[in-house]
Amino acid sequence: MASMVMNVLCVAVACMVFSASYADAISCGQVTSGLVPCFGYLAAGGPVPPACCNGVRGLNNAAKTTPDRQTACGCLKGILAANTRINLNNANSLPGKCGISIGYKITPNIDCSKIH
């Protein structure tokens, strides 16, 4: 679990360094922070912690614009690439378990430029 968190944090830092910074724009740091309580569920399933759904709903509320949603998508791709232990079925069921719809399937090769 510690190595997964370290991988995610490295991806988040890389995304923050290489992405444009806007005052109101969502960042990979925000995406990572929102998903940290979800890592156990994403890897192993089981009950979704309330803190996880709070983070997921917070990210959904923060990603109001198309650029924000595309950035969040890119961050999710980076998290998937860095963490091979994440179960894609768990990742794709998470939004629904938290009562939201993100409008796309989470995959390692999603074209985030098509997210609107």
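Positions of Cβ are set from backbone N, Cα and C atoms, glycine also.
Feature annotation from Swiss-Prot assigns signal peptide to 1-25; the stated evidence is sequence analysis.
If you draw a 10 Å sphere around the CB of C75 (disulfide bond), it holds 27 other CB atoms from the protein chains shown. What Swiss-Prot records for C28-C75 (among others) is disulfide bond, and it gives similarity to another entry as the kind of evidence.
According to Swiss-Prot, the disulfide bond annotation covers C38-C52 (among others). Secondary structure at C38 (disulfide bond), taken from DSSP and collapsed to helix, strand or coil, is helix.
Residues or ranges marked as disulfide bond by Swiss-Prot: C53-C98 (among others). Neighbours of C98 (disulfide bond), defined as other CB atoms within 10 A of its CB across all chains, total 18.
Positions annotated as disulfide bond by Swiss-Prot: C73-C112 (among others). Secondary structure at C112 (disulfide bond), as computed by DSSP, is helix.
For C75 (disulfide bond) paired with C112 (disulfide bond), the C-alpha to C-alpha distance reads 10 Å. Within 10 Å of C98 (disulfide bond), counting CA to CA, the disulfide-bonded residues C38, C52, C112 contribute C52. Counting only residues at least six positions away in the same chain, the Cβ atoms of Y104, I110, C112, I115 sit under 8 Å from the Cβ of C73 (disulfide bond).
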